[in-house]
Structures are given as C-alpha cells and as structure tokens.
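Q: Before we start, here is the structure in question, set down as structure tokens.
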Amino acid sequence: MKTPLHDVHAELGASFTDFAGWQMPVRYTSELAEHRAVREAAGLFDLSHMGEIELTGPGAAAALDHAFVGRLSAVTPGRARYTMLCAPDGGVLDDLVVYRLAEERYLVVANAGNAAVVSRELTARAEGFEAEVTDRSAETALIAVQGPNAAAILGPLTDADLTGLKYYASMPATVSGHELLLARTGYTGEDGFELFLPAAEAPALWRKLAAAGREHGLLPAGLACRDTLRLEAGMPLYGNELGPELTPFHANLGRVVKLDKPGDFVGKVALERAGDPDRVLVGLKGSGRRAPRHGYRVLHGDDAVGEVTSGALSPTLGYPIAMAYVPPALREPGTALSVDIRGRVEPVEVVALPFYQR
Amino acid sequence: MHIPADRSYTKEHEWIRLDDGVATVGITAFAAEALGDVVFVQLPAVGESVTAGEVCGEIESTKSVSELFAPATGEVVEVNEATVESPELVNSDPYESGWLFRVRTDSVPELLDDAAYAALTQEG
C-alpha cells in the first residue's frame, strides 16, 4: 500500500521499506542527519500508514472504557491519552493514543500493523453501547512536525494558539489554509505536532510545511530515524517491546491499566490476576560502538537470562543503547549484564529509562 | 550511480583494486546506500590471513549489520584507520578515502568488471 504522500517521497529521493504492508520512506538522505534535525531543529514525518478510528455517540466514552485498559471517559474533551487494547488474557493487542475531540466524539490512532485488529475489536466491543465506530484510516493522512523548532515553524502558518495547546492535547485548526486536527503529540521525545487531514490534501500541506521549515532546519525524516528517536526516548514499539504474549505490566506500563475504573473491561480479570511479571523491560547501556539488536541474548554471567527487543548505537548519546526483557531480580540500574553480539559477549549495564530526555 | 572502471567487483557489493600485488578493498556506493549511515566497521587485523569468499569483518549501520567478505586470499597489510575512526567515510567516499583494508595477494579471483557490476545492481 502507498500513502497519499508516496509521490512526494519519491521526488525527494527517499529509500523505501515495507512496513506493515506499506511502502514507507526509511530515509531521504542520511538517517543520522534526520535524527539530529529532529533533536536540534525539526523533522517532517509521513505517518499516514497509521490507523484512525472514530467513535461517536452518547455511549462512546463507556464503550472505550470497556474496550481499553484506560479510563477514557475521564479524559477532558480536547485532551488525549496513551492507552492499550488488551486481549481477554491480558496480552497487548496494540498500544495507541486516544484523542477526545468532543463530549461524544473520540479519535483512536492505532499502529499501522494493528489498525485492522483495532478497528475490528472496537466494533465488536462497542456492541451494546450507544456508539458508532467508523474506520477513517483510508481517507485520513497524518503528518508530524517534530523537534524544538516545530512551534516556530507552525506558528506563522496558523491562527491557532499553539502556546495554549498543551502536550497531549488537540484542537481543530487551519494550517496554511487546510482545515485539520492539530495535536501536540509525537513519538520522538521532542516537542512536536501531529496533523490529521483529508488524504487528498496531504501533498499540498507537506510542501507548504517543508518550505516554511527550511529556514528552521526542518528535514523530511524517515522511519529509520523515527525508530532511533523513540528508542532514545524509551518508548516501546509494538512488535518489539509489546506483543500479545506480554501484558502492560511486563513493559512497566501498569500505570495505564485502570483496574479500579467503574465497570468491566476486556482483559480485566486476567490483568487483576497477573501478579508480578516473570520478566520486565529494562534499558541497557553498552560501551564501544557495537550495538545489541533485536533478538540478541542477554547474559548474566554465563546464563542466558533474556532477550534484546530493540537496540542501536545512539545517534545522540554516542554509545550503544538497548531495551531488553530480563528477570525482575536483574532490573536494578547498575546491574552488570552482557549481550551476545553475534558470538562476541559484550558487557552492558542496566540503566533507567528513558536514555534521553529533552 | 557512478561505478569506477579501474577495479573489479564482487556479487557481495565489494570492490577490489590491485596495485603491484596489493589489493585494496572497499564496499560499493550501491552497498553503502542500501546500508544507510555506517556507524561501525570491524576489519581484519594487520598480519591476519584472509581467504577469498570468507567472512573477514562486519559493517554496521544504524539499522543493520552486514558481513564483510574477503574478495582475495592473502595477508592483511594495512587497514584504513581513518574509516575505523570515521565510518561515515564509507557513505561519503566509498571508492576512495572510505576504503577498508589492503591484502597482499598473488591472485585475484575472477570477478565482475564495472559493466557487469552495473548490470547486477540494476537487476534489483
């Protein structure tokens, strides 16, 4: 599948990769330059592969409280929340952001690879509630402007009060003549915005943002740097740190599970009984330049005790960083472990997450 | 993409140039582009013997790891310390300052010339 911005990426000379069935730009020139631009200036991302599912109606809030582990009914209109969709056994089916647009209107933004599952599950779980589920993924484009200069780039293009738009908030806005939903959210560890708009308008808005951002150091940014940015920020990636065989507790995200919210929700019984997880997600810091990578074994002495979920030579920090699942007894920062990097055992140290904070 | 005519190429996207019994080895611009930003190179040590077609090192980019194959049999006589220090040379100048190592060798196996390599990269 191609996003509505595919031709724009091709014009820019992007390298493409398959991601959840989508042809996505992995980099335009250099992923390190794109990574640095987001940390120091700004980056422009096409996230149109993500799923957008709308819930409307007097029962929308109650339906979401039933469908997700969080208490979405408590979210104020105009605000957003990070939450999870769990299976009845407590396993994570997706991690996502839910925007409450109005009293009776929510927008659920799902990972591309899980969009169909989320849409299907929401439809099923909303049954019996006064709520209508509409999958808007095909008609919706998503463009993100991320980085310390994001507000300076968007400011002159809109009448919206950006200063008043808090982190994890959204509002309808007009940007460069395009009516859209403007959200202050992201997946990079930087300040930034996500712009939801009709697919057909995406190329025009992209070009306007790219032009306006030029003097602010904005670069088009691909999925390669998106991954290193989120890793530095300690954010989980579904399929790496999260999956159906893991509960939110494994990933240290128990705070998103609201066991005490009124009513029943899917996965509640299993999550109540889950107890202490047998393995937990930790940060690892290496030395040298060889990075632990997804699937590599984590060792404690000579014993294999866990597995790396994501890793890279951190572009910002200059040393190898990784996330891994290990037994809870080995979770304390300072714990000395090692990783089998293609037959060579390299020492690593458990460190607190995130690796990088703006 | 420019492919110099003064050297030979392997199917593993490496280049080799023989001067007076010493072969200089690097990876091609096509390979560098496919890898993305190179952040680490693991090269054979000076004095080490390498065998044509066998793994002798690694190249890591932000997103991937690739094995480096010896394109000729012989003894490593020099490694490019500049590339070890600054692996980005592999991206910025793969055919010149971004070379990897040198091997003293009697024979270079039958390899691809620039036209054959160009054809290989166009097969996708």
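Cβ atoms are placed via backbone N, Cα and C, with glycine included.
Okay, these came from TrEMBL:
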- A:E194: substrate binding site (BINDING)
- A:5-261: domain 'GCVT N-terminal' (DOMAIN)
- A:279-356: domain 'Aminomethyltransferase C-terminal' (DOMAIN)
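Have a look at these and tell me how they're positioned relative to everything else.
A: There are 25 other Cβ atoms within 10 Å of the Cβ belonging to A:E194 (substrate binding site).
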Q: To what whole number does the mean pLDDT across the domain 'Aminomethyltransferase C-terminal' (A:279-356) round?
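A: Result for the domain 'Aminomethyltransferase C-terminal' (A:279-356): average pLDDT 97.
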Q: Helix, strand, coil residue numbers for the domain 'Aminomethyltransferase C-terminal' (A:279-356) per DSSP?
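A: Its residues fall into 3 helix, 43 strand, 32 coil.
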